[in-house]
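The block underneath contains the structure these notes are about, expressed in C-alpha cells.
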Amino acid sequence: MIAASGPTPLVATTQRTLAGTAQWSGVGLHSGQWVALTLQPAAANTGRQFVRLDLEGQPVIPARIEAVKSTQLATELVANGASVRTVEHLLAALAIAGIDNVTIQITGPEVPVLDGSAQPWLEGIQRVGVVPQEAPRPAVILKEPVTIYEGEAFVSAIPAPELRLTYGIDFPYRAIGRQWCSFTPSELATEVAPARTFGFAEQVDYLRSQGLIQGGSLENALVCSASGWVNPPLRFADEPVRHKLLDLWGDLALLGTPPIAHYVAYRASHHLHTQLARAIAQQRV
C-alpha cells in the first residue's frame with residue numbers, strides 16, 4: 001500500500017513525493033538498449049523530471065507537455081539538448097500513485113518497457129511508499145469542453161464533477177474488435193495499470209525495419225494475429241482498450257495535474273492524446 005494516508009492519491013489536497021529511492025533496469029521497447037532507471041524524492045513544486053545520467057552535464061528533461069517532440073508509437077520528450085522516449089507507462093504509474101515531485105534518473109534514451117504495463121512501476125513505488133508534502137496541490141478546473149479530431153478518431157475533455165476516463169477502440173482483428181472501458185481514479189491501480197501494450201504480428205517485420213520495437217518480445221507485449229493472440233493468456237478480456245486508457249493517462253500526466261473532467265477517447269493515439277493536453281494547457285494561459 002502507498003504509505004501516505006488521507007484522500008485518494010489522485011485527488012489529494014497536498015503534493016506528494018517518494019518516501020525513498022526505487023530502482024529498475026530493463027530494455028527499451030523501441031531502442032532495444034538496456035537502461036537503468038532510478039526514482040528519487042524531489043522537493044515540493046519540482047514536478048516530475050528526467051535526468052540523463054549518461055550525457056555530459058546530466059541534462060534535465062521536464063515531464064511537461066511543452067517538451068513533447070515525437071509521438072510515433074510512444075511519447076518522446078526533448079529539452080536541453082537531450083531526449084527520453086516511451087515515458088507514458090512510467091508517468092501513468094506516477095500519476096496513479098499521486099506523485100507530483102520526482103527526479104527520474106536514467107542512463108539511456110528510453111524508459112525500460114519492463115512487462116509492457118505500468119504494474120511493475122506501481123509495485124516498486126508502493127514498496128518504497130509515498131509521503132505528503134506541505135505544498136498544496138493546485139486545483140485545476142476545465143473551463144470549457146475540448147475535442148480533438150483526426151478522421152474517425154477523437155479525444156475529448158468535458159467538464160465534470162469528478163474525474164473519469166473512457167476509451168474505445170476498434171480493430172479489424174477478431175481477437176480485439178470493438179472494445180470500450182470506463183474507470184474512475186480509484187480503479188486505475190487495479191483495473192488499468194496491469195494492462196500490457198499490444199501489437200500485431202503482421203507489422204513486426206516492417207516496424208523493425210524502420211528501427212522500431214527493437215526491444216519488443218513476447219515477454220513485454222501482447223501480439224495479435226489474424227488467427228488470435230500469439231501469447232495468451234490476457235490479464236483482462238478487454239486488456240487492449242485498458243492499455244490504451246493507460247497510455248492516455250500517462251500522456252495527460254504531462255499536464256502535471258490534469259483538470260477534473262471526463263476524458264473520452266475513441267481510436268486515438270499518442271498524437272491525439274498530447275494534442276488534447278496542449279489544448280488544455282492553453283486554457284490555463
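Using the three backbone atoms N, Cα and C, a Cβ is placed for every residue, glycine included.
According to Swiss-Prot, the protein carries these features:
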| type | residues | note |
| --- | --- | --- |
| ACT_SITE | H270 | active site, proton donor |
| BINDING | H89, H243, D247 | Zn(2+) binding site |
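Swiss-Prot feature annotations superimposed on the structure.
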residue: H89; record: Zn(2+) binding site; Cβ neighbours (10 Å): 32
residue: H243; record: Zn(2+) binding site; Cβ neighbours (10 Å): 28
residue: D247; record: Zn(2+) binding site; Cβ neighbours (10 Å): 24
residue: H270; record: active site, proton donor; Cβ neighbours (10 Å): 21
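H243 (Zn(2+) binding site) sits 12 Å from H270 (active site, proton donor), counting Cα to Cα.
Geometry remark: H270 (active site, proton donor) versus D247 (Zn(2+) binding site), CA distance 7 Å. Other residues of the same chain near the Zn(2+) site, with their Cβ within 8 Å of the Cβ centroid of H89, H243, D247, are E88, A92, S117, A118, A195, T197, K244, L245, L246, G250.
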